[in-house]
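Engineer: Here's a structure for you.
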Amino acid sequence: MLGRAFIVAVLYCATFCKADKPTNSSTPRLIILSFDGFRADYLTRFPMPNLDEFMKEGVQVEEVKNVFITKTFPNHYSLVTGLYAESHGIVANHMYDNDTRQVFHMNDSNSKWWDEATPIWVTNQKQGHKSGCAMWPGCNVPMHNVTLNASLNYNPNVTFTERVNNVTMWLTRPNDPINFATIYWEEPDASGHRFGPDDHDNMAKVLKEVDEHVGYLMSELKKAKLWDTVNVIITSDHGMAQCSKDRIIKLNDCIGPGNYTLVDDNPVAAILPLSDTQLVYDLLRNCHPHMKVYRKEEIPERWHYKHNSRIQPLLLVADEGWMITQNHSISMLGDHGYDNDLHSMHPFLAAHGPAFRKGYRMRTINSVDIYPLMCHILGITGLPNNGTLKDIKCLLVNQCYIQIPEAIGIVIGAIMVLTTLTCIIVMLKKKMPSTRQFSRLQFQDDDDPLIG
């Protein structure tokens, strides 16, 4: 009987407890905010009272494993597509397409560079909702013939306050309010490059400003009566490594500049050979002990970074803290782009809102999992991607964490355990000596009879 009750309970939980879509009658609303270059351990190294309050009332992921290369454009596009760089096509901040023979720079607004994937703001609009963007990389580009309902073209002179004010206005406007918005802010990346993440005094100043920005966002959402109804994700694209003017690899010390074109550099360099590829490879392979050289086909599978025409024949990857250039000096003391296994390259994630648990902490997730999470919250059907909701759903409320396939496995396991226990009990009973429950009364001759 107990076994039957257990099985029924498991099946009930698997069938009815899991929330596949948000249950609010109104359209779910979501903001994702990226603070560029926010290294995960900044949270433990610097005081951030506003962000602490935000996470106390919501969830925190201590580290987010981002995609390779750990640069701004590839990772911001991965966040909104759930794809690795080789799949969404924005493989670097600067690119050369070997098929079309065209060059991409960060201010390029030609949709052909972005149309290998579909960002969530386009999917949200195609499924009947409204999207807005405050300077997120790529959102000013009309992708797949879809233009955002509300947007701010990138302009670094627009303050954080102005960006937030626009988003709250878009969310609350009486006609065509949006239900999804992205916000991008340049810090602490700019200061991390300039001073390096180990410069405590200077980084403390900029991170204090970042924390004040979080406080401003919270106060504006409360003022607009959005705090309890809008879901907010705060994250970043990458971390930052400490560098030095003494740790610079100059390629022209190893190979003549006429032998190659440097498509993207520092600290991951994309090389297009202009002469014999094998010769260029051999010269670069022996160039410096702190630089690894890969042919395109030899790039490690774990980076998901080889199957695209915008990835060059040779890839140079510097060790953490080293920088690659052609022949000039570099003044910055912090950089990113390195191996995405490095903790220094990882950002964090914090989230708050009706879809999220309160006071919950998780060790790590993959950045490509954030896309299916956002689709789930918005109640839209996401496009094929490299992420999975399974690994991140515990951040959400109303989740029993047991899906139907998992429940079937548990039920089968429970049946096996109960069957084994039953067999053991039967065997033990057979081995026990037989005793009669009531023995016949034995009368001695001197006993008084019970019946006279």
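Heads up, the Cβ atoms here are built off N, Cα and C, so glycines get one too.
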Engineer: Disulfide-wise, see what Swiss-Prot says C254 is paired with, picking from C243, C287.
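Structural biologist: Checking Swiss-Prot, the candidate bonded to C254 through a disulfide is C287.
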Engineer: For the Zn(2+) 1 site, Swiss-Prot lists D36, D237, H238; sort out which one of T72, T261, T277 goes with them.
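Structural biologist: Looking at T72, T261, T277, the one Swiss-Prot places in the Zn(2+) 1 site next to D36, D237, H238 is T72.
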Engineer: Among H328, H336, H343, H346, which residue does Swiss-Prot annotate as binding Zn(2+) 2 at the site that also has D189, H193?
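Structural biologist: Of the residues offered, the record points to H336.
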Engineer: Rounded to the nearest Å, what's the C-alpha distance separating T72 (Zn(2+) 1 binding site) and C254 (disulfide bond)? Just drop the number here, would you?
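Structural biologist: On Cα coordinates alone, these residues lie 29 Å apart.
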Engineer: How many neighbouring Cβ atoms, not counting its own, are there within 10 Å of the Cβ of C287 (disulfide bond)?
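Structural biologist: Summing over all protein chains shown, C287 (disulfide bond) has 18 other Cβ atoms within 10 Å.
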Engineer: Calculate the distance in Å between the alpha carbons (Cα) of H238 (Zn(2+) 1 binding site) and C287 (disulfide bond), and round it to a whole number.
Structural biologist: 28
Engineer: Pick from D36, D237: which of these binding-site residues has the biggest number of other Cβ atoms within 10 Å of its Cβ?
Structural biologist: D237
Engineer: Starting from the Cβ centroid of D36, T72, D237, H238, which together make up the recorded Zn(2+) 1 site, report each further residue of the same chain whose Cβ lies within 8 Å of that point, ordered by sequence.
Structural biologist: S34, G37, T70, K71, N75, H76, D189, S236, H336, P347
Engineer: Mind telling me which of the recorded positions T72, H238, C254 has the densest Cβ neighbourhood, counting other Cβ atoms within 10 Å?
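Structural biologist: Per the Cβ count, the most surrounded site is H238.
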Engineer: How big is the gap, in Å, between the Cα of D237 (Zn(2+) 1 binding site) and that of C287 (disulfide bond), rounded to a whole number?
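Structural biologist: Here the two Cα atoms are 30 Å apart.
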Engineer: Could you tell me the C-alpha distance between C254 (disulfide bond) and D36 (Zn(2+) 1 binding site) in angstrom, no decimals?
Structural biologist: 34
